[in-house]
There are 2 protein chains.
Amino acid sequence: MKQVKVGIIGFGTVGTGTAKIILSQRELIKKRTGIELILKKVADKDIKRPREISLSEGVLIPDAWKIINDPEIDVVVELVGGIHPAKEFIIEALKKGKHVVTANKALLAEEGNEIFSIAKEKGLQVGFEASVGGGIPIIKVMREGLVANKMLAIYGIINGTTNFILTKMTNEGIDFQDALRQAQELGYAEADPTLDIEGIDSSHKITILASLAYGIPLSFKKTYCEGITKITAQDIAFAREFGYKIKLLAITKILNGEIELRVHPTMIPEDYLIAKVDGVFNAIYVEGDSVGATLYYGRGAGSMPTGSAVVADIVDIAKGTNSLPLDFSEKYSIKPIEEIESMYYFRFTALDRPGVLSKISGVFGQHNISIASVIQKGRSKAGAVPLVILTHKAKEKDVLEALEKIDKLPVVAAKSVFIRVEGQET
Amino acid sequence: MKQVKVGIIGFGTVGTGTAKIILSQRELIKKRTGIELILKKVADKDIKRPREISLSEGVLIPDAWKIINDPEIDVVVELVGGIHPAKEFIIEALKKGKHVVTANKALLAEEGNEIFSIAKEKGLQVGFEASVGGGIPIIKVMREGLVANKMLAIYGIINGTTNFILTKMTNEGIDFQDALRQAQELGYAEADPTLDIEGIDSSHKITILASLAYGIPLSFKKTYCEGITKITAQDIAFAREFGYKIKLLAITKILNGEIELRVHPTMIPEDYLIAKVDGVFNAIYVEGDSVGATLYYGRGAGSMPTGSAVVADIVDIAKGTNSLPLDFSEKYSIKPIEEIESMYYFRFTALDRPGVLSKISGVFGQHNISIASVIQKGRSKAGAVPLVILTHKAKEKDVLEALEKIDKLPVVAAKSVFIRVEGQET
């Protein structure tokens, strides 16, 4: 395919970036690859709103189905987001024999098995580089660059909004609500920030990466998902005292043939490279059995970075590179969160009385939880002080049971807080 | 091509890793891509020495030409290194109609134009992912992942030996010779470390990256190359006082249609992510006009990481992915080092007398060099004290002229030292 006719559905942030790149880099891409990209149609319900670029007369249309039904269009780019009608657009485009490129992580994580199986049946390609890590070519790296590796673990900062918020909280000592407000003012968080701050967006993305890593079907429903709304400036400060930073990590690893798949605030040693990824930037740490530790860093969102990934997919499809169907048929079991082992950080709100530490550590002992370090500070007029404990590796099930008991102790004045800790055990 | 017959020439560190991966990941790769890799022959002059893996009877042979002349072999993997006879092996393999994979950065940087032109003429592919950044898939990222970007700048830590030495010097305050000895003891530096410590290996690699970035012919001879042998613990300590780290950076950028292509010790702000890449690890910062800042990190050498890259190339060739010939015909001019602009760090060994700073800054003024900060410390019994100056952006030509004058001043007791500084101007 030397000349590729492209139709874009959705002329928002990413659609605009994609259109811009197709138009402005046409000569560069042709020189590099021999492939000429033609932007034939762009569909958006709103064809009036002024955008950063103007398209030639007749290119912008209000009806997406005109793109899907246009026999001349080779590749349909779905950039409307959400499940419906994005799913219908994609499936119908495949049925019409068109290749598809999408940035829609929610759709792929939740309905991707159906979409990929239709594509496979039809011998068509679905490019989704832009669905994880924005402009970072992480999908290509995993599918092709590291093709010779069994994947051992992935740790990703794959949501810029929450990383921006946590970075603000860390650097300025402010609370979650203040940091969220700043993120909203700067356009890094949506008016309704739920998908980001509750970890759902990260869960969508790690679902996709886990399927690439281990060949398992897309398993969004089995992904454990916990957001950052309960993280306090106090916990960030205590983490720092122990030499840790708090990041929203999306984690998937394989241990003894079982897969962990989880998103939650995580304490990581501050001298790890990924702990230094700040602001809206994303980074994905990938460990393969041959290559060892690798990391990929860049802008995880935005018009032009995400457009860069979309256009790379279109070029690959034109070259026939993506042509191998994805086979997500491996049958590993995914551990429920209660079954994982981790190190833990606890913050107890304890009455300032003798014997508190002994009572709490007694419960820990009963549940096979071994203490690594303790911070207990000053006296409080109010009578309650924070008691902070780091543990060695323990089972989450044991932790939850211990916490239930501890929270009922008369010396414990408020619901206890815990954060999972990654890194070398000390 | 569903079954690919591979012949490896060179059964050293990378050859062993490559063979190991081909044999152990055969099923995985077949499942992922439908391609089956067959290791048909491995040639090495030394077929007696025990290696980490044992090959089937008859696979290991002493004569490389038997691989090149074997009509059944599809892909010849050249892992002997050096210019000759590696070049003859590769050219002859291409003439026999075989695709080639190589990790040989010296050969590609110095003779790659000829090799790529023969491959193009024959319609064959030359994979060289393993030539830069070991297991990091940086070649793929640049050719495919960032295909939609005009490249603006690349900054690479692409030599693990020198990064290990500088990291040791920084963390332990030891001198270059001590750190080099430790690197040699650990097997991170060769008995003759010239190629690494003089920056030649990094120059080979940045030559390759610059051709990918800007489409220019491989231009090793125009690459400015300066090693780390003159870096002292004292300079590292002063750099730290200013908030900088010293790294051997390989740099290529394009400014107003002119290319810079240079390798030298560089001071970079310690809060930059690339400043935190320590030990034998490599990292390449790539800035594209759409994607913005990205960074790729991993092991830049070693048997298995480099083997991971070699095998990815073989798979790509089997898939036909690499099939686009490289067109390195762009005609940008490459700036001689005297023409670049940079910020600079200077360390003068000045007699401890009044008026020294005024004399030196007077010469700077005459040459349009503007001072940003100064450190002048304590008094010395010997009469000579270090005077350290950071400048704003200046032309290297002006800097060299000024230094010549300053080194002749009676108040200057020894040859002055300068190190280029990257980062935002303050």
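Glycine is no exception: its Cβ is also placed from the backbone N, Cα and C atoms.
A simple way to gauge crowding: the CB of A:K205 (active site, proton donor) has 27 other CB atoms within 10 angstroms, across all the protein chains here. According to its DSSP assignment, A:K205 (active site, proton donor) is helical. As annotated by TrEMBL, active site, proton donor applies to A:K205.
Positions annotated as NADP(+) binding site by TrEMBL: A:I9, A:G10, A:F11, A:G12, A:T13, A:V14, A:G15, A:T16. Cβ contacts within 10 Å of A:F11 (NADP(+) binding site), excluding its own Cβ and spanning all protein chains shown: 24.
Other Cβ atoms within 10 Å of the Cβ of A:K105 (NADPH binding site) number 25 in total over all chains. Under the heading NADPH binding site, TrEMBL lists A:K105.
What TrEMBL lists as L-homoserine binding site is A:E190. Look at A:E190 (L-homoserine binding site): DSSP puts it in coil. The C-beta environment of A:E190 (L-homoserine binding site), restricted to residues of the same chain at least 6 apart in sequence and closer than 8 Å, consists of A:T161, A:Q184, A:D196.
The domain 'ACT' annotation in TrEMBL covers A:345-422. Note on the domain 'ACT' (A:345-422): its mean pLDDT in the predicted model is 93.
Rounded to a whole number, the C-alpha distance linking A:T16 (NADP(+) binding site) with A:K205 (active site, proton donor) is 22 angstrom. Of the chain residues outside the NADP(+) site list A:I9, A:G10, A:F11, A:G12, A:T13, A:V14, A:G15, A:T16, A:I8, A:G17, A:T18, A:A19, A:D44, A:L79, A:V80 have their Cβ within 8 Å of the site's Cβ mean position. Fewest other C-beta atoms within 10 Å: among the binding-site residues A:G10, A:G12, A:G15, that description fits A:G12. Between the alpha carbons (Cα) of A:K105 (NADPH binding site) and A:I9 (NADP(+) binding site) lies a span of roughly 16 Å. For A:T16 (NADP(+) binding site), other Cβ atoms within 10 Å of its Cβ number 21. If you measure from the Cα atom of A:G15 (NADP(+) binding site) to that of A:K205 (active site, proton donor), you get 20 Å. For A:T13 (NADP(+) binding site), applying a Cβ distance below 8 Å and a minimum sequence separation of six or more within one chain yields A:G302, A:S303, A:T306.
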